[in-house]
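J.: Just dropping this structure here.
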Amino acid sequence: MISTYSLLLLLIATSSLAFSAEAALATGYYDSTCPQVEKIVKAGVANAAQSDSRLPASLLRLHFHDCFVQGCDASVLLDDTPTFKGEKTAGPNNNSIRGFEAIDAIKSSLESSCKGVVSCADILALAARDSVVLSGGPSWEVPLGRRDSITASFSGATNRLPSFFSDVNGLIKSFTDVGLTAEDMFTLSGGHSIGQARCLAFVSRIFNDSGSGSPDPSIRPSFLSALQSKCPQTGSLSSLQPLDATTINKFDNQYYLNLVLGKGLLHSDQVLFNTVGVARNFVKAYSADQSKFFSNFAGSMIKMGKLSPLLAPKGIIRSNCRVPR
Ligand code: HEM
């Protein structure tokens with residue numbers, strides 16, 4: 001006869017299996033239902049990048065902003081309506097996240113080929129990987145099988161996404177709060193190897209750092225004067241500057257080398273090198289070893305892509321990524 005104790009053990013074992021994302025997300029998830037999925041997403045990303053060289057960066061960021069807010073469930077893609085408040089107008093996203101038309105185009109190709117099968121959340125995960133590869137970065141197999149939410153969280157998007165004003169501990173906390181580690185933060189920050197930021201994200205540090213009346217002294221003088229001329233105090237705060245001015249649009253380890261040289265664009269970038277300790281050690285290691293950065297980046301992206309996915313029977317497959325049905 002099975003004892004109460006062994007029954008309890010069995011229960012714990014089966015329930016932890018049932019709730020393990022690892023058990024359900026799988027690389028061959030659409031092999032029988034939509035074998036062309038990877039080809040279609042890749043072509044969609046390449047096509048969109050042809051008319052907009054910033055697009056790969058924007059798609060990489062979309063997946064990050066999706067996963068950090070109620071998990072990788074495509075909540076970030078939902079449009080506001082008079083009766084539904086999505087995440088698009090939350091502080092970190094407002095007038096900033098982009099790439100929605102490219103996702104729409106990919107979704108409509110997928111709906112033509114395999115109607116009602118591929119989730120918007122999986123499109124975001126694949127598009128992020130394809131964007132990195134297209135920009136010269138590492139590749140990885142993307143575990144698939146996420147489903148889409150019918151909800152979004154404005155407050156989550158406001159509070160969960162890391163701030164460019166944060167110091168290292170604040171940045172680490174944003175990552176550990178969602179189940180990632182400090183090392184994931186040091187590594188995924190390397191996403192800033194591509195893409196752009198508005199002047200408003202760094203204007204205070206080039207003129208009046210933390211209210212001191214002076215620029216952040218850790219900014220290299222030549223870089224500082226270039227930034228001050230491109231983002232004058234009286235100019236438009238929506239003007240853009242590359243996050244990695246040395247190899248714009250190329251995914252490489254130059255971002256980390258820039259930090260060593262005092263050429264980080266955002267406060268949240270430069271603090272990784274300025275703060276003595278583990279963060280600085282990672283910056284130094286990655287600046288000297290691109291392949292280490294690449295393999296860790298791929299690993300951390302896979303981890304980020306597994307944050308609280310909606311697994312069948314939860315969630316839905318949206319037919320339009322902007323609408324929760
Ligand atoms: C560590 C904390 C992070 C902070 C504080 C942060 C903050 C920012 C800010 C302020 C911008 C510019 C937004 C604008 O001015 O419109 C930006 C852009 C970007 N971020 Fe991050 N980010 C972080 C982590 C990440 C991660 C983990 C990734 C991806 C793995 C990422 C990928 C990007 C990309 C690619 C862009 C450029 C997007 C474009 O050009 O459209 N960031 N980030």
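Glycine too: its Cβ is placed from the backbone N, Cα and C atoms.
Annotation comment: TrEMBL describes 1-18 as signal peptide. The disulfide bond feature in TrEMBL is assigned to CYS34-CYS114, CYS67-CYS72, CYS120-CYS321, CYS199-CYS231. Taken from TrEMBL, the feature site 'Transition state stabilizer' applies to ARG61. As annotated by TrEMBL, active site, proton acceptor applies to HIS65. Here TrEMBL flags ASP66, VAL69, GLY71, ASP73, SER75, GLU87 as Ca(2+) 1 binding site. Residues annotated as substrate binding site in TrEMBL: PRO162. The annotation heme b binding site is assigned in TrEMBL to HIS192.
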J.: From the recorded positions HIS65, ASP66, VAL69, GLY71, pick the residue whose C-alpha lies nearest to the C-alpha of CYS199 (disulfide bond).
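T.: Nearest candidate: HIS65.
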J.: Taking the Cα of SER75 (Ca(2+) 1 binding site) as the centre, which of the recorded positions listed as HIS65, CYS67, CYS120, PRO162, CYS321 lie within 10 Å of it?
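T.: Among HIS65, CYS67, CYS120, PRO162, CYS321, the ones whose Cα sits within 10 Å of that of SER75 (Ca(2+) 1 binding site) are HIS65, CYS67, CYS120, CYS321.
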J.: Please work out which residue of CYS34, VAL69, CYS199 has the most C-beta neighbours within 10 angstroms of its C-beta, and give that one of the recorded positions.
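T.: In terms of Cβ crowding, the pick is VAL69.
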J.: With every protein chain in view, how many other Cβ atoms are within 10 Å of the Cβ of SER75 (Ca(2+) 1 binding site)?
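T.: The answer is 27 other Cβ atoms.
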J.: Anything from the recorded positions CYS72, SER75, GLU87 with its Cβ under 6 A from ligand 1? List those in sequence order.
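T.: With ligand 1 as the reference and 6 Å as the Cβ limit, the list is empty: none.
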J.: Within 10 Å of ASP73 (Ca(2+) 1 binding site) (Cα-Cα), which of the disulfide-bonded residues CYS34, CYS67, CYS120?
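T.: If one measures from the Cα of ASP73 (Ca(2+) 1 binding site), the disulfide-bonded residues that come within 10 Å are CYS67, CYS120.
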J.: To see if you understand the setup: which same-chain residues, six or more apart in sequence, place their Cβ under 8 Å from that of GLU87 (Ca(2+) 1 binding site)?
T.: HIS65, VAL69, SER75, VAL76, LEU78, ASN93, ALA152, SER153, PHE154, GLY156, ALA157
J.: At a 10 A cut-off on CB-CB distances, which of the binding-site residues GLY71, PRO162 has the highest count?
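T.: Compared across GLY71, PRO162, the most Cβ atoms within 10 Å surround GLY71.
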J.: Let me know the most crowded of the disulfide-bonded residues, choosing from CYS72, CYS321 and counting other Cβ atoms within 10 Å.
T.: CYS72
J.: Same chain only, sequence gap of 6 or more: which residues have a CB within under 8 Å of the CB of ARG61 (site 'Transition state stabilizer')?
T.: ILE97, GLY99, GLY191, GLY195
J.: Can you give me the residues near the recorded Ca(2+) 1 site, meaning same chain, not ASP66, VAL69, GLY71, ASP73, SER75, GLU87 themselves, Cβ no more than 8 Å from the center of the site's Cβ atoms?
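T.: Leaving out the recorded residues gives HIS65, CYS67, PHE68, GLN70, CYS72, ALA74, VAL76, SER149, ALA152, SER153, GLY156, ALA157.
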J.: If you count Cβ atoms within 10 Å of the Cβ of ASP73 (Ca(2+) 1 binding site), leaving out that atom itself, what do you get?
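T.: For ASP73 (Ca(2+) 1 binding site), the count of other Cβ atoms within 10 Å is 29.
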J.: Which chain-mates of CYS231 (disulfide bond) that are at least 6 residues away have a CB under 8 A from its CB, listed by sequence?
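T.: In sequence order, CYS199, PHE202, VAL203, ILE206, LEU237, SER239, GLN241 meet the Cβ cut-off.
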J.: Under a three-state reduction of DSSP output, how is GLY71 (Ca(2+) 1 binding site) classified: helix, strand, or coil?
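T.: GLY71 (Ca(2+) 1 binding site) sits in coil per DSSP, no helix or strand.
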